[in-house]
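S.K.: Right, I'll just put the structure down here and ask away after.
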Amino acid sequence: MSVDENQLENGQLLSSENEASSPFKESIPSRSSLYLIALTVSLLGVQLTWSVELGYGTPYLFSLGLRKEWTSIIWIAGPLTGILIQPIAGILSDRVNSRIGRRRPFMLCASLLGTFSLFLMGWAPDICLFIFSNEVLMKRVTIVLATISIYLLDVAVNVVMASTRSLIVDSVRSDQQHEANSWAGRMIGVGNVLGYLLGYLPLYRIFSFLNFTQLQVFCVLASISLVLTVTITTIFVSERRFPPVEHEKSVAGEIFEFFTTMRQSITALPFTLKRICFVQFFAYFGWFPFLFYITTYVGILYLRHAPKGHEEDWDMATRQGSFALLLFAIISLAANTALPLLLEDTEDDEEDESSDASNNEYNIQERNDLGNIRTGTNTPRLGNLSETTSFRSENEPSRRRLLPSSRSIMTTISSKVQIKGLTLPILWLSSHVLFGVCMLSTIFLQTSWQAQAMVAICGLSWACTLWIPYSLFSSEIGKLGLRESSGKMIGVHNVFISAPQVLSTIIATIVFIQSEGSHRDIADNSIAWVLRIGGISAFLAAYQCRHLLPINF
């Protein structure tokens, strides 16, 4: 359904009574920490798997003889699959009502696809060497197979990631969404630490009896972790059963409508969700080049000052980059554990402050048609929605609050270390500023250890990126009563994460082509300039984030 002007002007209020009467509105029990760990542990496997691509992808492609501008084009696989695959997976899983649930079948299939793609990535040169005798043809086919493996791996990662995020929204109460997403951030942090630690260790020596290369051992370990963690989530987490609905459109029709009415879907988002998406757009424009090129950047600085005889030692340079990412992951994991405890718990002040919110410019009356988010004709009427959206909502648990009061130990610790006035939006804004400063600092960096220190500091910002936007977004979905369409809603959110990465890739390609025109030395400064452009985008994300600040900030 498209958004029409009359519908926007004559919307009806989605009241708490309507939400309560919805057949999708059912009681969700309070979830224990063990349940949340089982729910989010699949993200650990996903991140460890993705660390293969992040830590070794670019150096691996360089080792195959690929030039930088071509590697940037290949890395467009990630955002493209994010734009296409996550919404499709969300729409399909929203419609599934199988015995084992809506999300878990997709997670299991994607984990098997990820295992196959890792095998293809690690053994592509060996496969081509076995089949082809012509060296030139062998190299070309190896590059093709490596590219296919990267695309398949991105599809698998996106499906598991989207399904897990939707499962969090489906299975956890609104007042526990922050805690659940904090656990998700921790799992991603642990996956990062393990992944980059494995990338730094000489795996080919540790597992010398296998006679595998470093990348091949890494791919085997990543495959095991992906299948194991997804299996744990599938076994120990039960999904909610939603009432069956009669869909007025086919699956293909709904997918086609999603992409053709993307603009209307974005326009129909409530104020807070829309602002979160805008922040994510500029944030990921900056993060994408960092994640894919920082290993190479650190390696370049290492080679510039490498000991005599090691000037072309790209294996050691890659390990130096992996060590930087290991520090990055450790700081990120520590921050994901500590930062939530520093947030101010404003529940006691919520009622007093909410009365002032109605007079604030960010307390906005919106009339949105959410028909394009419905799952079928029997879905509770969500079209013609008029809602009063305030970042502080009366009679709702604080969306900045992380831990339920039942977690007495953690609440006690948090009460001792809380920073007055520190809320999720303020912390998120600060993280963008910090990341932007770090990227611009590449102007002054000269050695690999300086770059490693800078990368480690960025772990603070990455911790916030993995946790805060998802906490705000999923909590808002729950409060709006849109859980039955959470897969599609998260698909819209992911478009704002993936689209800027495509744009960032195009800009990086232009920068690389210009640098190749002047000289073909791989150790030029073009990657540093791509990182600096990302830093400028981080400041734009901070500017957009101001709309989410507390009303008295």
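Each residue, glycine too, has its Cβ placed from N, Cα and C.
Note that the coordinates shown come from a computational prediction; the quantities given were computed from them, not determined experimentally.
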S.K.: Is it the same side of the membrane for Arg165 and Gly491, going by what Swiss-Prot records?
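M.R.: Both are annotated on one side of the bilayer.
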S.K.: Tell me, please, if the transmembrane segment (187-207) and the transmembrane segment (217-237) are in contact, taking contact as 3+ Cβ pairs under 8 Å between residues separated by 6 or more positions?
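M.R.: Checked: the transmembrane segment (187-207) vs the transmembrane segment (217-237), in contact.
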S.K.: Please identify the stretch among 34-54, 73-93, 425-445 with the greatest number of Cβ pairs below 8 Å relative to the transmembrane segment (112-132).
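M.R.: Result: 34-54.
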S.K.: By DSSP, how many residues in the topological domain 'Cytoplasmic' (162-186) are helix, how many strand, and how many coil?
M.R.: 23 helix, 0 strand, 2 coil
S.K.: When you scan the chain for residues with a C-beta under 8 Å from the transmembrane segment (522-542), skipping those not six or more beyond its ends, what do you find?
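M.R.: For the transmembrane segment (522-542), the far contacts come to 62, 68, 279-283, 285-290, 293-294, 296-297, 300, 303-304, 429, 432-433, 435-440, 442-443, 500, 504, 507-508, 511-512, 514-515.
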S.K.: Is the count of Cβ pairs under 8 Å between the transmembrane segment (453-473) and the transmembrane segment (34-54), pairs 6 or more apart in sequence, 3 or more?
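M.R.: When sequence-distant Cβ pairs are counted, the transmembrane segment (34-54) does not touch the transmembrane segment (453-473), since fewer than 3 lie under 8 Å.
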S.K.: Of the listed stretches (34-54, 141-161, 281-301, 495-515), which one yields the highest count of Cβ-Cβ distances below 8 Å with the transmembrane segment (323-343)?
M.R.: 281-301
S.K.: When each of 34-54, 217-237, 281-301, 425-445, 495-515 is checked against the transmembrane segment (141-161) for Cβ pairs under 8 Å, which one has the most?
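M.R.: Per the Cβ count, the answer is 34-54.
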